[in-house]
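Student: Feature list, courtesy of TrEMBL:
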COMPBIAS  1352-1363  compositional bias 'Basic residues'
DOMAIN    80-473  domain 'Chitin synthase chs-1/2 N-terminal putative transporter'
REGION    1-21  region 'Disordered'
REGION    1325-1389  region 'Disordered'
TRANSMEM  79-99  transmembrane segment
TRANSMEM  140-165  transmembrane segment
TRANSMEM  177-199  transmembrane segment
TRANSMEM  205-224  transmembrane segment
TRANSMEM  236-258  transmembrane segment
TRANSMEM  270-288  transmembrane segment
TRANSMEM  318-343  transmembrane segment
TRANSMEM  923-948  transmembrane segment
TRANSMEM  960-981  transmembrane segment
TRANSMEM  1049-1068  transmembrane segment
TRANSMEM  1187-1207  transmembrane segment
TRANSMEM  1227-1249  transmembrane segment
Amino acid sequence: MSSASIEGHENPGFDIDKDDSLVLAPEPRRRVEFQTQESEYHFTPKKEVLKGWDAFIQSEDESKSASDKNTGLIKKASIVLKILTIIVVFGVVLIGALVSKGSLMFMLAQASYRQSTVVTCTYNITNDNGTIQSDPENNVAWLCIFFSFLGPELLTFLKCVRVCIMRTVARPKWDAFLIVFLMETLHVIGLAFLFFAALPGLDSIKALMLTSCIAFIPGLLMLLNWNIWAKSWQRYVIITLNALSFLLQASGLIAWPVANIEWAGKPMEISNSWALAVGILLTSFGWWESFVTQESSFIVAKFLWGIKTDMFELHTRFFTYLFTSVWKIFLFFILFIVFPVTFGNIPNSGFLFDHFHSSFATSNFTVDTGDEISSELVSYHFPVKVLATQLFCGYATYVFGKFACKVNIQRIAFALPLTLVMPVSITTLCLMCKARNDDHCAFSNDWGAFSFFQCPENATGNQFVQELGWIWILWALSNMWIVNHIWFPKSQRLASTEQMFGVPWYCGLLVDQSLMANRRSDKGRARMRLDAKGQKVNHAVSYDGHPDDEEKQKKRRAFALPSREVVAQLNPEDQITRIKGCATMWHESPEEICEMLKSIFRIDEDYSARQMVKQLELKDPDYYEWETHIFFDDCMEPTDDRKHSQVNQFVRLLLDQVDIQGKKWYGTRNLKVPPPAKYTTPYGGRLEWVLPGQTKIICHLKDKNKIRHKKRWSQCMYMYYFLGFQLMDNPKLTAAQKDCRAMNTYLLALDGDVDFQPDAIIKLVDLMKRNPDVGASCGRIHPTGSGYMQWYQMFEYAIGHWLQKATEHVMGCVLCSPGCFSLFRGKAVMAENVMRTYTTVATEPKHFVQYDQGEDRWLCTLLLQQGWRVEYSAASDSFTACPEGFKEFYNQRRRWMPSTLANIIDLLGDWRRVIRNNDDISIFYIIYQVMMMIGTILGPGSIFLMLVGACGAAFGLSNWASFGINLAPMVIFILACLLTKSDTQIIVAQVLSIAYALVMMAVLVGLLLEIKESGWLAPTTLSFIFVAGVFILAAFLHPQEFWCLPMGLIYYITIPSMYLFLVIYSFFNLNVVSWGTREVVQKLSAEEMEEAKKKAEEQAKKPPAKKSGFMSFFQRDRLLEFSLTKMFTDKNGVKSQLENMQEKLEKIEMALEREGYPLPEKPEEEAEIEKETTTIRKPIVRIMEPPLVFSFLMINSIWVLTVFLLQQNKEQLFIQWPFGDDLQLEPLGLLFVIFFAFVLFVQLVGMLLHRIMTLGHIVSSTKIKVSIKSMLGKKETQFDGDKFLQRNAVEMFKNLQSTYMPESDSQNKNLESVLEMAMDQVAQGHDDSVRRASNMSQGKANLLRRAETIKALKRRQTTRRQSMKPTMRPQRHESSRPDSSSSDSHEEI
C-alpha cells in the first residue's frame, strides 16, 4: 500500500486505502476502516505505466443522461411555444375586447330612445327619403345589457360561495366592510346612469369616446401619492403629470354635457347631460384599490390602503364580496327597472315584463318611405346572439388577460392589446359609419337592414377633426398614464388571481377599463406572513360536530402581518431560498450512482453561476443556496478479522464514482473534485466533498447498530438535523427569523439513482413561492431502464401522471409526492403532528404497511391532515431507474399497493377533520377518492368478469365454460399464495401472466370483430372508443411523452397480471415487510454468526409443535418450509422439518469455517418477530387481522357472482339499450361501466385544466432573447451590454463554464476562477474563446454583442472589487450555527 496525506484533516476518523494493483475480483479496491486513534486520509492514485508494446487504447462513448437527451430541442420548442402563446393571447385579448365593446355599443344603439331618421335599405334597394322607427317593445330586448352586467357578478358570487365553503376566510371589520360596500354601491349607480340614461342618448362614437374618461377617482388617488418619489426632479415631474391627467379626466364631467361644445357646426344635443356627469364620477369609485399606496401621507389614502391589505392578507375579500355581489346584482336590477322608464326607453315598468320574451324572438320596425308607411317584422333572435357574443368575448378577454399576467407576458399580451382597444375600436367604428353613409346597404347582410350602430349624421372618416375628437385623444392619453402600472408588472411568476387583481372578476360593461384599473400595482403579496395560530379569527362558516370534541372546535389556520418590531428583526438572508438535497442510498449500481452524481454536478455549476450573479449585484429571482446530503443506510460491515467495522462495497463504489465522474465532468477545465474530509459521528461516519462550484456533498454513513436504518428513519434523521438542530436550536436567530427561514427552507427528497436538471428544482420552488400554503410539490417521474417491464411502466407512469395526478392537483391535493424527487417545505414538515408523528415506531401490523412500506405517501397524508397543500408540476421532469425484472417489480408493488390503500383509508376515515383543516380538500374531492377506492377494491373482480366475457366472445365459449376456465387459474394462484414461498408465488404469477397475455391478444381480435358486428353505437364500441380516445388525446397533449403511447399494448396484455394477480399477491403477502428490491446478502460479524448458530441449535432441540384444525394444515413454522410436494409425501412433516433444520445447521458451520459466508441479515431486537418475515414465511392469520384478506376475497366474490348471475338472467332483469336493436344490458354491470366512464371523464377534464397550468409554467419560465425591434426588422442603434447582462447573466455564465478551454495545464481552483479566466479571454478578443462562447446560429452580430456584454461584466466586476475589501467578499449565508462539520457538534445532537 502506498499512501500520502492530505493537509488539514487531522480529525478522529477512519482510513481509506487504495490498492496499487489491479485485481479482477468482485470486491471493489477501496476499503474504509474505523480507527480509535487519530489518522489521516490516504489517497495517492498510482499513475499507470504503459509498456512500449501496449500502445493501443480503448475509448468509450459517454452516453447522455436521460435528462440531457433532446434538451436543446425542448428549449427550442419551448421558445416556439412561448411565441405562439404570445400571438394567440394577444389576438384573443385584443379581438375579444373589441368585439365585447362593439357588441355593447351595438346594444346601446338599439336601446336608444332617440328617434332614428336614416336612409332605408329594403331588399337591397336604397330609398333616400325613408325613415325607420323602432317599436318600443324592441328596446326591451336590447336592454339586455343588464345580463352583460349580471354575468361577471354572478361568477363573482359563485366564486365567493366556493371559497367561503372550502377555504379559510375571515370576517372584516365593520368600517372596512362599509367602505367597500359604499364604493361598490356608488360604482353600480354610476354604471346605471351611464348605460340606462346617458349613453343611449348619444351616438355610438361619442358614447365610445366617453368610456375613456371614467378614471376620475383613480386619478385623484394618484395625485395623493406624490411623496413616493425620492428625487426632487422626478417628484415634480410625476406630480405634474398626475395633476394634468386628473384634470383631463375631470374635463369629461363638463366638456360635453355642460360646455355644450358644437359638433360640426351644430350645437350639441345631449339629453340628461347631468346623468352623464354623475355616471362618469360614480363609476370611477369602483377602481380605487390599485391606486392607494402605503407611502401616501394623506390619511384617507392610508386608511384605504389598510382596507386593501386586510382584504388580501386576512382573507376577508371573499366574505365581503359574498354579500356585496348579491347587493350589486339586486341594486342594478332595481335600476334596470326604474331608469328605462324614467328616461323614456320604455313606457312603464310592466311593459318590460310583458314583452320580455317576445322582444327576444321578434323585432318590429315601422318604415316610412314617403309614399307609404309599412311595418316590418324581423324574427331571428338577433338580440340573443349579440348578448351571447358580448358575454363570451368579455369572458375570453378576462381569462386570457389573466393568463398573460400570470405567465409574465403582461406587457405584450395584456397591456399592449388593452391599450389598443380604444383607438382601434373608435377608428373601426368611424370607418364603418362612413361606409354605411356612403352605401346604405353596407353590412345589411350581416347586421340586418334595420339594425346598426347609432352613427352621427354625415359621418366621415376624419371624425376626430370634424367632431372635436381631439379631446378624446387627451382623455385616452390621461387614462393611459393613470393605468401605466400595467406596463411595469411586479407580481411574481405564476401569481394567483388575488395577487394580480383587486376585485374577484371584471365589469361586464367596461371590460378593458376594468381589467387595466383592477390590475394590482404592487407585488400582490405580504412582505412576510407569520403563522398566527393564537389569533382569534371569526370565520364565515361553522362546522357541525360534537361540542366536546376539541379538535373540531379549533380555529383554522389564519395569517397576519407581522409588527414593525418583528420585521425589523429580519435580514435579507432570512428570505433566501435554501435547498437541502437529501438523497437516500442503499444498494445502488454504478450506473445509478453515476446518474445521481451528474445531477449534483449540474446543480454545482448552476449554483456557481447564480452565486456570481449575486456577487455582481445583478437580479436573479431564482437564486438559491444548495447542499447535497447523502444518507447511506446500513453501510457498515465487519472487517475480515471481525474486530472493526468498515464501509461496505456500495460506499466504496460511491467513492470510486465521485473520483471517476468528477474527472470526466470537470477535468476538461483543469478542475477536480478533491478527496473528502472524514469524521466519526455518533451514528457512524461522515464524508464531505467540496465541489468546484463551492457546493458540498456530505455523505452520512449510518451504522445500523447505532441508529435506525431504512429510508423513513433517514428522512427523520435529516428533518431533525436541518430543522431541529441547525434551525430551531440556533440561539443566534430570533423567533421571527426562524419562522421566516423555515418558510424558505426546502428539503429535496431524492433517490440514489435520480437524474434531473436544475430547472426541474426551480419549477418546484415556483409552486412553493406562488402559494405559501403548499407544503410539498412533486414533478413528472420518468422510469428508465430496458425490457418489457420498463415499457409497461412507461405507459403506467404516463397515464398515472396525465390523468390521476393532474386531476388530484386540480380538484384538491396530490395524495403522494414520491420520495425519489419531491420538494418539502421546512415549515410544513415542522408543523404539529407531522414530523413528530412521522417518527412513530411501528408496533402494530398495519403500522408496517402504512409507515414503512410507503413512507413518502404517509408523510404526504400527515401534511394533508394538517392543512398543507401538495401540488404536482408536469413541467418538472426527473428520471429514475425502475424494476426491470418481473420479480423485482412484483415486490415493489407489493409494498406500494397496500401502503396506498392504507393511507387513503386513513385520510378518508378522518375526512371531516381533513376538510376542516385543509382549504384545498372539499367534499367533492373526498367523493372522488371514495369512487377511486371503490374501483380499486372491485378491480380484481371486474377484471375477472371482463376476462370471462372476453374469452367467451373470442373463443366462442358459453358463459359457464368461460367462467370455469378463468376461475381455475385464480384458484391455483390463491392456493399458491397460501401454501408456497414468495418466490414460488411470483413464478406462478409470471407463468399465468404469459398465458393471459396471449389470451388478451385473442380478446383484442374478438373485440374488434364484435365492434364490427354490433356497430358504432354499441356499449362495447363506445367504451373502447372513449377509453382509447382519452389515452390518445392525452398523448397528443404531452408531445414530449408521446412515445409512451405505443407501450399501451404491453399495458393492455398485462392487465390480468397487474390488476388481478398482483393485487392478490399483495394482499396475501401483507406480512412480508422486507423492501423487496436491491437486496443483497451481507457479511455478518463473529458475534452475529455465533448468535445465529446458538439460536438454530436451540430451535433444533425443541420438538415440533403439534397442530390441529384445518387452517393449521396450511400454516408453517417460522423456521420451517412447507410446499405442496411435502404435503403429499410426508404426512406428519417431522422428517422434512428435521432435514431442513440439518441443512441449515450445515450452512452455518460452513459459514463459520469460511469466515464470511453470507447468511440472512440479523433482525433488530425491537421488531424481531416482524422482521423475520423478510426471509421466512409466516401465517397470515398470525400477522394480519383475519377480516382483511377475507373481506377482500368475499367482496370480490360477491361482486363477481352477482354480476355474473345478472348477466345469465338478463332476459328477466335488464335495461334496454336505446341505441341498439334488441340489445339488453344487465343493470349492475351497466352501472359500473357508467361509474368507470364518469371517473375517466373527470380525469379527462382535470388533465385539460392541468395542461393549461403547465403551459403557463413553461411559458413563464422560458426566456426569449429576441428583442421587439429585431422582430420588427429594425436595427438597434446601440447595444447595451449591461441591460443584456441583467436579463441573461445566469445563462451566459453557464455557457462560459461549459465552453471554457484552458490554455495551459495549470490546475484551476474552482468554477469561479474558470469564469474569471473565460471572461478575460472573451473581453480580450480571443477569436476561439469568443466563437465558443457565442451561439453561431445567431450570426456575427451576436459575437460583438457577447464581447460587449463581457466588457460590461468586467467593468461591473472591477467596480465591485474596488469598492470592497478582500475580507468583505460575499460568502454563502449559513444558518449562523456553530461549525457543524466538527465531531463535537455531532456529539451535541
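The chain as shown is numbered from 1 upward.
Glycine residues also receive a Cβ, built from the backbone N, Cα and C atoms like all the rest.
TrEMBL annotations: computationally assigned, not manually curated.
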Student: Taking the transmembrane segment (205-224) as reference, which of 236-258, 318-343, 960-981 has the most Cβ pairs under 8 angstroms?
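Tutor: Of the candidates 236-258, 318-343, 960-981, 236-258 scores highest.
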Student: Taking contact to mean three or more C-beta pairs under 8 angstroms, with sequence separation of 6 or more, is the transmembrane segment (1049-1068) in contact with the transmembrane segment (1227-1249)?
Tutor: no
Student: How about the transmembrane segment (1227-1249) and the transmembrane segment (923-948): do they have 3 or more C-beta pairs under 8 A, pairs 6 or more apart in sequence?
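Tutor: They are in contact.
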Student: I'd like to know if the transmembrane segment (960-981) touches the transmembrane segment (318-343) in this structure, counting it as a touch only when three or more C-beta pairs sit under 8 Å and are separated by 6 or more positions.
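Tutor: In this chain the transmembrane segment (318-343) does not contact the transmembrane segment (960-981) - fewer than 3 Cβ pairs sit under 8 Å.
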Student: What mean pLDDT does the predicted model reach across the domain 'Chitin synthase chs-1/2 N-terminal putative transporter' (80-473)?
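Tutor: A mean pLDDT of 79 is what the model gives the domain 'Chitin synthase chs-1/2 N-terminal putative transporter' (80-473).
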Student: Count the CB pairs under 8 A between the transmembrane segment (140-165) and each of 177-199, 236-258, 960-981, then give me the winner.
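Tutor: Between the candidates 177-199, 236-258, 960-981, the best contact partner of the transmembrane segment (140-165) is 177-199.
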